[in-house]
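One structure is given below, encoded as structure tokens.
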Amino acid sequence: MTVMRVKVFTRFERFWHWSQAALIVVLIGSGLGLHGVHRLVRYGDMLTIHVAAALALVLLWLFAVFWHLTTGQWRHYLPTLQGLGPILRFYALGIFRGEPHPFRKTRRRKHNPLQALTYLMLKLVLFPIIWVSGLLLLTYDLWHQKPWSTAGLEAIATLHTAAAFVMIAFLIVHVYVITTGHTVGEQLRTMITGWDDMDLDQAEAEVLKRDGAVG
Amino acid sequence: MTAAIPTRLGPVLISVLTAATLAFSSDHPARAQVPPKGPYVHGQVASKPAGGTADHGKFEVLKQDFKSGPEVTKACLGCHTEAARQVMGTLHWSWDYTNSRTGQRLGKKNVINDFCASVTSNEPRCTSCHAGYGWKDATFDFAKAENVDCLICHDRSATYWKNPTGAGHPPYTPVMQGDRQIGAVPNLSQAARSVGLPGRENCGACHFHGGGGDGVKHGSLDSSLLAPDRELDVHMDAKGPNFACTACHVTQKHVWAGSRYDVHAIDSKGLPRPGQRRDVATCESCHGLRPHKGWNLTDVTLNTHVEKLACQTCHVPAFARGGVPTKMRWDWSTSGRLRDGKPFQIRDEKGRPVYESIKGDYVLAENVTPQYFWFDGEIIYQNAERVFDPARQPVPINPISGTPGDPKSRIWPFKVMTGKQPYDSVQKHFVYLHVFGPTDAAYWRGFNWDKSISAGMAAMGLPWSGKFDFVETVMYWPQTHMVAPSAKAVKCGECHRTDGRLARLAGFYMPGRDSARWVDVLGIGLIGLVAAGVVGHALMRLVYRFRRRETPT
């Protein structure tokens, strides 16, 4: 096994990540406004921004889903308990003692087990809740005449809001955890440039070297 | 032939009646009927195109020297054979209406309000706005064709007006207020030859002055709508569409669309196709059910609001916007104070009466933000047959109904008029007041509530206990006129906020105003915990890193 500098995140992945990040920030900001937390933008414009960003995110996700399925990259998010213990111990103890991060990216797993589990929950639970509830709110006109619409509107809006709070909490933790690499800015740089150290077996290293894909 | 009915009431008799009613009118400067101030606005758009094949100026029958209103009507009916019969079938004539859904007897003749309370027993004054001649008391002949007043609706000469105390007749002799003559005595022949489709001036002669003066009653109907600009009303804009009232209140055979007694709180039919209904005054009947035409998100979203909000809720952002104040409160309980045995007035800095001995204290207001309620169009009137609980004040005079989940209900803007007025404190119902008349039984002459109420109730043929008190009342006036330009319509954020226009309207979820409190608390708690955890973790990292440097291993 050798550690080499490799392009971990492809151009599409980085585009997807950063445009998604930007859209989520816009959605949180405008969503807080729609929730009545601030009045930085006129309410009607806030709604337009919120919905436009949401629809853009849905479009982005259609591409992302296609990309995950066609490239097989979805396998990185398969949940596993293997190696989860050391990760938890690292964040609870090891990080303070200056121990190195117990996880090293490989061609099969570029996320540590905790990360993979978190992202999986995000993708399979939180995002769908936000989107489905949001789309229901957006299509209120189609169901407002149902007898349950008055109570339904409140329930759906409440679910949407609750999910948004969890999203904000995730964002805070996420932004913090990327500072826990070898250096504070190392993981951020990786997400921008795509390059990171990776554990490669001999065959992988050969192929990557042949293709000139190592740094 | 209607025109062949002989007149019983000669011009001489009418003059006597007029003189008699005028004699006790001099101390009431606020009049429901005022002489036209200037030429009428021409080119107003009605529900049917103006013009035809006849020039009324050329009719020989109209060139006679008319001595009275009924004489003019007889001449009209000579050609317009069905006109009187048509008018007699309408509210403008009967002032009597039975709500087919509630069975309640309504109409001006029957309802109580928190202005002058009631019509019956105050006829010659109140009926100066009757589309007829001579309704001076209960003996009025509602079947007599020449009693219909054609001119009040069709005069276009700007000379015709009704004597404020003349039971519907125009002045035949000069109307004096003290030494000053008010207006001019109409030239009936000139008025008869000028007739045309009703303009805002015609409808406004009564409807702008309801409640005893300009703008007093409705809130969004006053003399500023005679020649409004676009800011005041986009439809009536005299330099723009220049709509007459009948452009929306479509009239066929003298029956018009739209009435407070039969409100269409929601119109789910929308724009009629050619040949379909024309007899509707709703916004949707012209603007359709998707009135916001853009494909941007705001317009699409606003179109989803149409089911829940009346158009007026956003597009009538305020009422009494034309410079004429409306009465927001009328406290009868303070009336009757006299100075040297004489009634007096107190005026505000703009010279408008805010206290009158004959009426009590008022609150006047301009540019009033409406109050909003769910409304399904149904109004029950708290007339004298209905008992209420005086412990629960204010007593609604016309309780409106409507609920959030109900497909027939929408949020409507209202002028909420409060008052304090007499009621039967034993039998616990409202009373009819006799305020205007030649004897001391009339409150405005005798300032005695016992006599006034006794006379009013007697005129209605209703019993009362003889004991009265004052009760706080509230009355709801749906707003629909003074439609502002779209740029001035109520903005999203004026309602979607906790302290907005709809802050007090409960029973439904509205983004920006409502949230599940426990979710907010949990959510903020979660974010707080996470933030604290992150900060704590980061601080510990810093502390341990510092220590590791201090004690290298």
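The backbone N, Cα and C atoms fix where each Cβ goes, glycine too.
As annotated by TrEMBL, domain 'Cytochrome b561 bacterial/Ni-hydrogenase' applies to A:8-194.
Outside the transmembrane segment (A:15-35), and at least 6 residues removed from its termini, the chain residues within Cβ reach (under 8 Å) are 9, 41, 43, 46-47, 49-50, 53-54, 56-57, 60-61, 63-64, 67, 161, 164, 167-168, 171, 191. Under the heading transmembrane segment, TrEMBL lists A:15-35 (among others).
Within its own chain, the transmembrane segment (A:47-70) has Cβ neighbours under 8 Å at 12-13, 16, 19-20, 23-24, 26-27, 30-31, 33-34, 41, 127, 131, 134, 138, counting only residues six or more beyond its boundaries. The transmembrane segment feature in TrEMBL is assigned to A:47-70 (among others).
The transmembrane segment annotation in TrEMBL covers A:76-96 (among others).
What TrEMBL records for A:117-138 (among others) is transmembrane segment.
If you look up TrEMBL, you'll see A:158-179 (among others) marked as transmembrane segment.
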Item to complete: Using a Cβ cut-off of under 8 Å, list the residues of the same chain at least 6 residues beyond the transmembrane segment (A:117-138) that approach it.
Response: 51, 54, 58, 61, 77-79, 84, 111, 153, 156-157, 159-160, 163-164, 166-167, 170
Practice prompt. Across the whole of the domain 'Cytochrome b561 bacterial/Ni-hydrogenase' (A:8-194), what does the mean pLDDT come to? Round it, please.
Written response: 93
